[in-house]
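Here the structure is laid out as structure tokens; the discussion comes afterwards.
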Amino acid sequence: MFQLIKIKQKYNYIFEFLILICMSFISTYFAFSGHFFNISHDGVYHLGRFLNVADSFRNLNFPEVVNLTHVSINSYPGVAINSFYPWLTGIIFIIPNLLFSNPMWALFLSFFILNIFTIISINSLLSYLTSNRLAVFTGIVIYQFNNYHFIDLYSRVAIGETIAYAFFPIVFLGIIKINRSDKFGFLLLGLSMGLLVNTHILTFLYAVFIVILFIIYLVLFDRKYLLDKLIQIIKSSIVAIFLGMYTIYNLVHMITNNHIEEPFKSITALSPSGVFMSTINNEIGEQGAQNWSMGLPVTLVVIFLGTYCLVTKSNYWKVYGSFSILFYFSLFTWIPYDLIKDSLLANVQFLGRLLIFVLISLSIGVSYLITFRKKNIKVSLIFGLNVVIIIFSLSALYNYHYNYFGPGTGGHSKINSENYYGMINNTDTFEDYLPKNIEKDNSNTKQNDNKKILKIVNSSPKEITYSAYSAKDVDYQIPFITYRGLNYVISSNGQKVYMSGNGNFIKVRLHRGQNKIIIKVRHNNSVYLLVVSMISFIILVIYMVFIKFKLMHEQSLIHSLT
């Protein structure tokens with residue numbers, strides 16, 4: 001009898017795995033139909049920074065803390081994107097780039113893997129909360145196939161944010177396990193926090209805020225086993241620090257030594273009329289953050305669940321349903337957010353980003369509702385709801401993919417295998433993370449007066465080589481940015497000069513005639529921390545897999561004895 005149960009479970013796992021693969025494939029395919037990808041400036045920026053890291057690995061080197069290649073043409077070589085924008089979990093996009101000569105195949109595989117991680121992540125959370133597979137499947141569909149997710153994933157192409165979206169449910173899973181006194185809950189919370197700090201700092205701060213709220217809840221309302229749970233949270237913090245050591249060090253080191261041009265700050269709330277129109281028109285265009293929508297079916301589910309909470313008795317799902325609708329409507333412009341435009345909330349920029357909380361709460365709430373009301377709910381109705389959600393989101397993606405170009409789109413264009421590298425290297429994107437108040441030598445602009453010509457003749461992630469012609473001996477400012485706290489080696493016509501960064505461009509002495517200048521950044525201690533972070537991650541994953549198999553073995557022994 002036990003063997004039959006075991007065989008049935010095995011086939012169930014295989015079936016669920018195939019469903020997962022199919023869901024990930026259809027989530028990805030339409031974004032690449034027609035053999036092109038509809039790319040945004042955000043997307044070009046992220047692909048450029050990942051390509052820089054991939055080039056380092058391709059040359060068997062560790063990535064530098066600054067970027068010498070694949071930098072936006074409105075920025076400068078030497079900009080410290082690798083230090084300020086975490087790249088470690090971007091390995092999802094980096095490894096395929098190393099494996100495929102065709103960059104579009106690599107990009108497709110990267111998004112496919114990312115969608116798999118997103119589905120596995122939300123599946124892990126919901127499967128822990130309920131054993132009802134239809135409930136779990138519905139929660140997965142809501143979290144994966146909503147229009148907001150596709151805006152982030154394919155319209156904004158905010159890759160760091162979408163990787164964080166994939167890992168975010170694990171934060172909740174870790175907290176819930178700790179709250180239920182699972183002695184291994186700290187591993188999941190630590191893993192998720194470590195992944196987030198290596199992915200997207202803003203989403204990491206969301207997670208920190210949630211953990212703080214959880215601690216407050218424990219202190220005020222649930223003091224049973226309080227000390228044990230606080231110890232678990234401390235242990236999870238230690239795990240996260242080991243995983244994020246490289247990223248944390250680079251960020252702190254650069255911020256404390258330099259005054260940096262930060263991304264703009266604002267509070268753009270959702271517009272009721274704008275969201276209504278984008279919902280009705282089933283649009284996922286990124287322009288107009290005040291119009292971002294979750295899609296008609298998912299929005300109706302939020303409203304239904306919130307309304308149903310008013311006429312039913314208290315239950316697990318009611319908490320999540322109430323939060324979903326209340327938090328959703330709190331993101332709109334009828335709240336005067338202008339009064340706090342200079343607060344910490346301005347770092348969020350677009351309140352539509354906070355829809356992630358609505359969606360994860362909604363996924364849990366709907367899963368609980370189906371579980372606890374399964375006798376009153378028709379399976380065909382829930383199945384039909386899932387089909388409608390998927391069709392609506394894929395339809396929105398298809399229309400966006402083929403039509404979202406031209407004026408009003410923020411510069412969206414088609415990228416394919418022929419123009420891939422040219423577009424990454426020749427597109428205006430962002431000037432983020434440059435030092436403030438760079439002193440520019442205006443004489444450099446007078447090319448015709450001093451007859452100087454400067455051009456890049458060779459560049460790699462480790463060094464950049466310039467050729468410069470001058471009609472006379474002169475001091476010349478090279479548009480290569482430096483940072484305080486970093487050391488540089490400049491070779492000018494074979495003579496090496498060691499200098500410390502000062503937050504400005506590099507100045508060299510050009511001699512009459514042709515000059516060759518080579519600039520590289522000297523290694524700092526962060527490379528050792530990178531090794532520590534990577535080894536910590538490998539050890540943690542192996543340990544968690546070992547624990548998982550050990551628990552499965554113990555359960556099988558119990559079943560065999562009963």
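Every residue gets a Cβ built from N, Cα and C, even glycine.
Taken from TrEMBL as is:
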{"type": "TRANSMEM", "residues": "12-32", "note": "transmembrane segment"}
{"type": "TRANSMEM", "residues": "84-100", "note": "transmembrane segment"}
{"type": "TRANSMEM", "residues": "107-128", "note": "transmembrane segment"}
{"type": "TRANSMEM", "residues": "134-151", "note": "transmembrane segment"}
{"type": "TRANSMEM", "residues": "163-180", "note": "transmembrane segment"}
{"type": "TRANSMEM", "residues": "200-221", "note": "transmembrane segment"}
{"type": "TRANSMEM", "residues": "233-252", "note": "transmembrane segment"}
{"type": "TRANSMEM", "residues": "292-312", "note": "transmembrane segment"}
{"type": "TRANSMEM", "residues": "319-337", "note": "transmembrane segment"}
{"type": "TRANSMEM", "residues": "349-372", "note": "transmembrane segment"}
{"type": "TRANSMEM", "residues": "379-398", "note": "transmembrane segment"}
{"type": "TRANSMEM", "residues": "527-546", "note": "transmembrane segment"}
Cβ contacts under 8 Å made by the transmembrane segment (292-312) with residues that lie 6+ beyond its boundaries: 142, 146-148, 151, 270, 275, 278-280, 282-284, 318, 321-322, 324-326, 328, 350, 352, 355, 358-359, 362, 365-366, 369, 385, 388-389, 392-393, 396
Segment proximity, the transmembrane segment (233-252) to the transmembrane segment (107-128), 3 or more C-beta pairs under 8 Å: no
Selected stretch (most C-beta pairs under 8 A with the transmembrane segment (349-372)) from 134-151, 379-398, 527-546: 134-151
Considering the transmembrane segment (163-180), which listed stretch of 134-151, 200-221, 233-252, 379-398, 527-546 counts the most C-beta pairs under 8 Å: 200-221
Of 134-151, 200-221, 233-252, 379-398, whichever stretch has the most CB pairs under 8 A to the transmembrane segment (527-546): 233-252
Top Cβ-contact partner of the transmembrane segment (134-151) among 200-221, 233-252, 379-398 (pairs under 8 Å): 379-398
